[in-house]
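Per TrEMBL, these features apply:
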ACT_SITE  30  active site
ACT_SITE  131  active site
ACT_SITE  146  active site
DOMAIN    17-194  domain 'Josephin'
(Lines of atoms letter the chains of each structure in order from A and count residues from 1; the text may use other names and numbers.)
(Lines give C-alpha, C1' and ligand atoms only; values in the text may rest on other atoms or scores of the structure.)
Protein backbone atom coordinates (compact mmCIF):
# COMPACT_ATOMS: atom_id res chain seq x y z
CA UNK A 1 0.00 0.00 0.00
CA UNK A 2 1.34 3.42 -0.98
CA UNK A 3 1.06 6.37 1.32
CA UNK A 4 1.15 9.86 -0.15
CA UNK A 5 2.08 12.95 1.77
CA UNK A 6 2.35 16.24 -0.08
CA UNK A 7 4.42 19.12 1.29
CA UNK A 8 4.27 22.65 -0.11
CA UNK A 9 5.80 24.63 -1.75
CA UNK A 10 7.71 21.99 -3.72
CA UNK A 11 4.97 19.34 -3.61
CA UNK A 12 7.29 16.52 -2.61
CA UNK A 13 5.68 13.11 -2.69
CA UNK A 14 6.85 10.52 -0.18
CA UNK A 15 5.99 6.89 -0.81
CA UNK A 16 6.13 4.10 1.73
CA UNK A 17 8.51 1.97 -0.43
CA UNK A 18 11.11 4.69 -0.16
CA UNK A 19 11.20 8.30 -1.11
CA UNK A 20 10.43 9.50 -4.62
CA UNK A 21 10.92 13.24 -5.05
CA UNK A 22 8.33 14.80 -7.35
CA UNK A 23 7.80 18.50 -8.05
CA UNK A 24 4.45 19.34 -9.57
CA UNK A 25 3.83 21.80 -12.40
CA UNK A 26 3.79 25.50 -11.62
CA UNK A 27 3.66 28.29 -14.21
CA UNK A 28 5.92 27.34 -17.17
CA UNK A 29 8.62 25.87 -14.93
CA UNK A 30 8.66 22.32 -16.35
CA UNK A 31 12.40 22.56 -17.13
CA UNK A 32 13.18 23.33 -13.47
CA UNK A 33 10.83 20.59 -12.29
CA UNK A 34 12.42 18.10 -14.71
CA UNK A 35 15.90 19.00 -13.45
CA UNK A 36 14.93 18.67 -9.79
CA UNK A 37 12.96 15.48 -10.41
CA UNK A 38 15.83 13.83 -12.28
CA UNK A 39 18.24 14.88 -9.49
CA UNK A 40 15.72 13.75 -6.85
CA UNK A 41 16.06 16.91 -4.78
CA UNK A 42 15.19 20.59 -4.99
CA UNK A 43 18.40 22.01 -6.43
CA UNK A 44 17.23 24.60 -8.94
CA UNK A 45 14.82 27.50 -8.56
CA UNK A 46 13.29 29.96 -11.00
CA UNK A 47 15.77 32.58 -9.81
CA UNK A 48 18.71 30.29 -10.56
CA UNK A 49 17.33 29.49 -14.02
CA UNK A 50 16.85 33.23 -14.70
CA UNK A 51 20.49 33.84 -13.67
CA UNK A 52 21.61 31.14 -16.11
CA UNK A 53 19.57 32.85 -18.85
CA UNK A 54 21.31 36.17 -18.11
CA UNK A 55 24.74 34.50 -18.26
CA UNK A 56 23.87 32.81 -21.57
CA UNK A 57 22.67 36.04 -23.21
CA UNK A 58 23.98 39.00 -21.17
CA UNK A 59 23.50 41.62 -23.89
CA UNK A 60 19.92 40.69 -24.84
CA UNK A 61 17.01 42.88 -23.78
CA UNK A 62 14.60 40.02 -24.53
CA UNK A 63 16.28 36.83 -23.39
CA UNK A 64 15.99 34.04 -26.02
CA UNK A 65 16.34 31.25 -23.42
CA UNK A 66 13.04 31.84 -21.57
CA UNK A 67 9.53 33.20 -21.92
CA UNK A 68 9.22 36.93 -22.62
CA UNK A 69 6.67 37.07 -19.80
CA UNK A 70 9.18 35.77 -17.26
CA UNK A 71 7.05 32.74 -16.38
CA UNK A 72 9.67 30.16 -17.37
CA UNK A 73 9.52 28.11 -20.57
CA UNK A 74 13.31 27.60 -20.43
CA UNK A 75 15.14 26.09 -23.38
CA UNK A 76 17.63 23.23 -23.61
CA UNK A 77 20.61 25.56 -23.10
CA UNK A 78 19.41 26.37 -19.58
CA UNK A 79 19.03 22.66 -18.78
CA UNK A 80 22.52 21.88 -20.10
CA UNK A 81 24.13 24.76 -18.17
CA UNK A 82 22.28 23.77 -14.98
CA UNK A 83 23.50 20.17 -15.25
CA UNK A 84 27.07 21.33 -15.94
CA UNK A 85 26.98 23.29 -12.68
CA UNK A 86 26.41 19.93 -10.93
CA UNK A 87 29.34 18.20 -12.75
CA UNK A 88 26.83 16.41 -15.00
CA UNK A 89 26.27 16.47 -18.73
CA UNK A 90 23.26 16.30 -21.02
CA UNK A 91 23.80 14.03 -24.02
CA UNK A 92 21.36 14.54 -26.87
CA UNK A 93 19.88 11.22 -27.98
CA UNK A 94 20.00 10.60 -31.72
CA UNK A 95 16.57 9.09 -32.47
CA UNK A 96 18.00 7.17 -35.41
CA UNK A 97 19.46 4.82 -32.79
CA UNK A 98 17.35 2.14 -31.12
CA UNK A 99 16.84 2.60 -27.37
CA UNK A 100 18.20 -0.94 -27.01
CA UNK A 101 21.67 0.51 -27.66
CA UNK A 102 21.48 2.54 -24.44
CA UNK A 103 23.64 1.41 -21.55
CA UNK A 104 21.07 2.45 -18.93
CA UNK A 105 23.38 1.59 -16.03
CA UNK A 106 25.53 4.58 -17.03
CA UNK A 107 22.60 7.01 -17.26
CA UNK A 108 21.47 8.87 -14.12
CA UNK A 109 18.19 9.91 -15.65
CA UNK A 110 16.37 11.06 -18.75
CA UNK A 111 14.89 14.45 -19.61
CA UNK A 112 12.42 14.35 -22.46
CA UNK A 113 10.89 17.18 -24.45
CA UNK A 114 7.50 16.09 -25.71
CA UNK A 115 4.35 17.65 -27.13
CA UNK A 116 1.79 18.23 -24.40
CA UNK A 117 -1.79 19.46 -24.35
CA UNK A 118 -2.47 22.89 -22.88
CA UNK A 119 -5.10 23.04 -20.14
CA UNK A 120 -6.88 25.89 -18.43
CA UNK A 121 -8.06 24.36 -15.19
CA UNK A 122 -10.12 21.32 -16.14
CA UNK A 123 -10.56 22.45 -19.77
CA UNK A 124 -8.11 20.92 -22.26
CA UNK A 125 -7.43 23.16 -25.28
CA UNK A 126 -6.82 21.77 -28.79
CA UNK A 127 -3.29 23.16 -28.66
CA UNK A 128 -0.01 21.40 -27.96
CA UNK A 129 3.17 22.95 -26.57
CA UNK A 130 6.60 21.58 -25.77
CA UNK A 131 6.99 20.14 -22.27
CA UNK A 132 10.01 18.88 -20.29
CA UNK A 133 9.63 15.76 -18.16
CA UNK A 134 11.99 13.55 -16.18
CA UNK A 135 12.42 9.79 -15.89
CA UNK A 136 14.65 8.20 -13.30
CA UNK A 137 15.34 4.99 -11.44
CA UNK A 138 14.52 5.06 -7.72
CA UNK A 139 14.89 1.99 -5.51
CA UNK A 140 15.24 -0.37 -8.49
CA UNK A 141 12.19 0.88 -10.43
CA UNK A 142 11.98 3.49 -13.18
CA UNK A 143 9.49 6.32 -12.65
CA UNK A 144 7.82 8.83 -14.91
CA UNK A 145 8.31 12.04 -12.92
CA UNK A 146 6.37 14.34 -15.25
CA UNK A 147 5.47 17.44 -13.24
CA UNK A 148 1.97 17.41 -14.77
CA UNK A 149 1.23 14.10 -13.05
CA UNK A 150 -0.46 14.08 -9.64
CA UNK A 151 2.22 11.70 -8.38
CA UNK A 152 5.13 9.65 -9.80
CA UNK A 153 4.10 6.79 -12.07
CA UNK A 154 6.11 3.58 -11.85
CA UNK A 155 7.25 2.51 -15.33
CA UNK A 156 8.82 -0.73 -14.11
CA UNK A 157 12.07 -2.50 -14.95
CA UNK A 158 14.67 -1.84 -17.66
CA UNK A 159 12.64 -3.54 -20.40
CA UNK A 160 9.59 -1.44 -19.43
CA UNK A 161 11.78 1.67 -19.51
CA UNK A 162 12.95 0.94 -23.06
CA UNK A 163 9.33 0.45 -24.18
CA UNK A 164 8.28 3.69 -22.47
CA UNK A 165 11.13 5.68 -24.03
CA UNK A 166 10.40 4.27 -27.50
CA UNK A 167 6.76 5.31 -27.16
CA UNK A 168 7.64 8.79 -25.90
CA UNK A 169 10.11 9.34 -28.73
CA UNK A 170 7.74 8.20 -31.49
CA UNK A 171 6.38 11.70 -32.33
CA UNK A 172 8.72 13.52 -34.72
CA UNK A 173 9.05 16.51 -32.39
CA UNK A 174 9.92 14.51 -29.24
CA UNK A 175 13.54 14.69 -28.05
CA UNK A 176 15.55 13.13 -25.22
CA UNK A 177 18.57 14.11 -23.16
CA UNK A 178 20.56 11.56 -21.20
CA UNK A 179 21.74 12.89 -17.84
CA UNK A 180 25.18 11.39 -17.22
CA UNK A 181 28.39 12.08 -15.32
CA UNK A 182 30.98 14.00 -17.33
CA UNK A 183 33.35 11.03 -17.55
CA UNK A 184 30.52 8.94 -19.03
CA UNK A 185 29.84 11.66 -21.60
CA UNK A 186 33.52 11.89 -22.54
CA UNK A 187 34.02 8.13 -22.85
CA UNK A 188 30.70 7.57 -24.64
CA UNK A 189 29.94 4.64 -22.35
CA UNK A 190 26.24 5.59 -22.29
CA UNK A 191 26.12 3.44 -25.44
CA UNK A 192 26.50 -0.34 -25.34
CA UNK A 193 30.01 -1.40 -26.34
CA UNK A 194 28.83 -2.86 -29.68
CA UNK A 195 27.35 0.50 -30.64
CA UNK A 196 30.49 2.40 -29.59
CA UNK A 197 32.45 0.73 -32.40
CA UNK A 198 30.02 1.92 -35.09
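From the backbone N, Cα and C atoms, a Cβ is placed for every residue, glycine too.
The predicted model assigns the domain 'Josephin' (17-194) a mean pLDDT of 86. Note on the active-site residues 30, 146: the fewest other CB atoms within 10 A surround the CB of 146.
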